[in-house]
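Notes for the one structure printed next.
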């Protein structure tokens, strides 16, 4: 009760204090306290010094100061009086002038230069500027000479409660875990007040909650927000809106206030166990489904979110634990049941599983709420499907000897239809795996037989694929790999491992090893190779060489004596019989060539006679000489024939089947000849119509331009063409009517559109069958011979 009375009295006195501050009568204080009055002592004494300069000589300081105050935001009809300047040197004769300078002098503060009164002519705001520093000085009214040194003073702006609190960082967001205990700190907020925190209670703030109760509370002075209720459940309500108020003047009436909002979100904790939506699930699956296929999904719902809702799924019981598995889908938060092993409808038609869902992240604070897991039953029904045949073995390994008879049985494969309605099976070989068709199979019983002979030395293994097909449904097929190993038999005789050539020194010693040889066998006996070496029966008593078997299955050839002479015999041939240990044993004879060479004293071969080179075909030197002689003789005959052919005179008589157009005829033409198509053409000038290259056809007979004379009779067929041309040339040269060589001669123009076309051999590109020369008979007797020639060529061609 006393505290409430004190607050009431404070609320009543606050307006009175503000009014007392603003009264002008209190701004100017009485001279006894010298609050806002400046006074001076004795008058200014003036004295003269050298150079007639006057200086001020003050007996005592005349200014007395206190700070001046002015209330902010004051807006009256008249400028507010801040204070008054006064000096003791002012007797009231109005001969002293007061000057004010500094912050705001002349713009904010104005002084009466006679009375020294200072007024604020503008509205002041403490939040913009809290104090002003000015300089005061008293000068002579007439001379403006200072009577006292300048002095500084401060005018402070007194604060009033004109600013409301503000939340600069609002609105706010905060989180707090659900199920938190009472008084759990959520966050804290801060408001600011621009008023003076030192003077009065204008900046003293008190916080309160306007909205958000009874869930949250706030401490009035620190603004810390706490939970006001325990065990708030996120699943019931996840988000809360809290309205917070900050009020100045200590929260009393008349104070200014500001508000902000705080959004509080409850974060999730694992306080809920998973729960299956149903206790029994039914799924069906065909028996031929591929391993790893998803059969179905089960899901346990959890009201929590994030990692608190994550659950792991397991199969904990049932008769199909070996055939099925369950995996957790973290994205969908469910369990996926997949096939682990093949199913067989004929063996078992249904399975029962018991699955469990358990939270992964457990919060021990809520373990008392029970186990965070749940179980459900899954019923899986297997559906019948038409399955492909099943072989009795996934792979087959067969063995056969390489000398096995054709059509002999190598082995057998078996397969069955696993369905209830069993279908007969037919077998076949995938020929892509048996391109050479070395094997066959019985389509009914699956027996594999040999089709072509085998050779282990060519291929030891044969891998084929057998196909089993249902007769009732050809789309149901199965394949099985069959590996056939070819077993070895002794069918190859041993022989030298390489071609050997031994060298024997003439000065060699008896018992000296000439050469060491080894043998090889393409067969592969189980116990390895063991070779027997011997000489031919007729070479057993060989006087020159002997053999010795070594422990490493090789053979050494030794000399029996010394004194070999390459002049007497240069090469020795030693046949060696090599036998294997097979059943039956096989043998072969290999010949070792031994050359006698000249050697140094230390046994180094220096020279050996070279054996005459023998052609691979076995021809002797005499046969070679005979062959070369025959070739040279043939070449001589050919050269003689060509030479005689060149000197032979061939007749120039035109044969009946010869075409005269195939002969090149020379003309003595003016100008550039036939090739000169750009030369001067008098016929073109005489016929302007032919300028464009198209002349009208004129069928006229040639006119005689010379005196009549007796000519020779037409030349009969078969006459010599050379003689005929020479006669005609002689007549032309001796013709007195012929024009001179330097005159312009006019020839019959045969241009484009002429029936005859060009008579040049170079332009005769068409075949004889495409041309008709019957019109030549209409040109007169002088062209009769030409017509006969062409007519003869055409008739001969037809015959």
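Every residue gets a Cβ built from N, Cα and C, even glycine.
Over in Swiss-Prot, the protein carries these features:
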- 62-167: domain 'Cadherin 1' (DOMAIN)
- 168-276: domain 'Cadherin 2' (DOMAIN)
- 277-391: domain 'Cadherin 3' (DOMAIN)
- 392-494: domain 'Cadherin 4' (DOMAIN)
- 495-616: domain 'Cadherin 5' (DOMAIN)
- 188: N-linked glycosylation site (CARBOHYD)
- 463: N-linked glycosylation site (CARBOHYD)
- 473: N-linked glycosylation site (CARBOHYD)
- 544: N-linked glycosylation site (CARBOHYD)
- 1-29: signal peptide (SIGNAL)
- 643-799: topological domain 'Cytoplasmic' (TOPO_DOM)
- 622-642: transmembrane segment (TRANSMEM)
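Taking the features listed in Swiss-Prot, we show where each one sits on the structure.
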residue: 188; record: N-linked glycosylation site; DSSP (3 states): strand
residue: 463; record: N-linked glycosylation site; DSSP (3 states): strand
residue: 473; record: N-linked glycosylation site; DSSP (3 states): coil
residue: 544; record: N-linked glycosylation site; DSSP (3 states): coil
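Confidence in the domain 'Cadherin 3' (277-391), given as mean pLDDT, stands at 91. Nearest Cα neighbour of residue 544 (N-linked glycosylation site) among the listed glycosylation sites (188, 463, 473): 463. Neighbour counts were taken as the number of other C-beta atoms within 10 angstroms of each residue's C-beta; across the glycosylation sites 188, 463, 473, 544, the minimum falls on 463.
Residue 463 (N-linked glycosylation site) and residue 188 (N-linked glycosylation site) are 82 Å apart (CA-CA, integer value). In this structure, the C-alpha atom of residue 463 (N-linked glycosylation site) lies 27 angstrom from that of residue 473 (N-linked glycosylation site). Counting residues of the domain 'Cadherin 2' (168-276) by DSSP class, helix then strand then coil, yields 3 helix, 46 strand, 60 coil.
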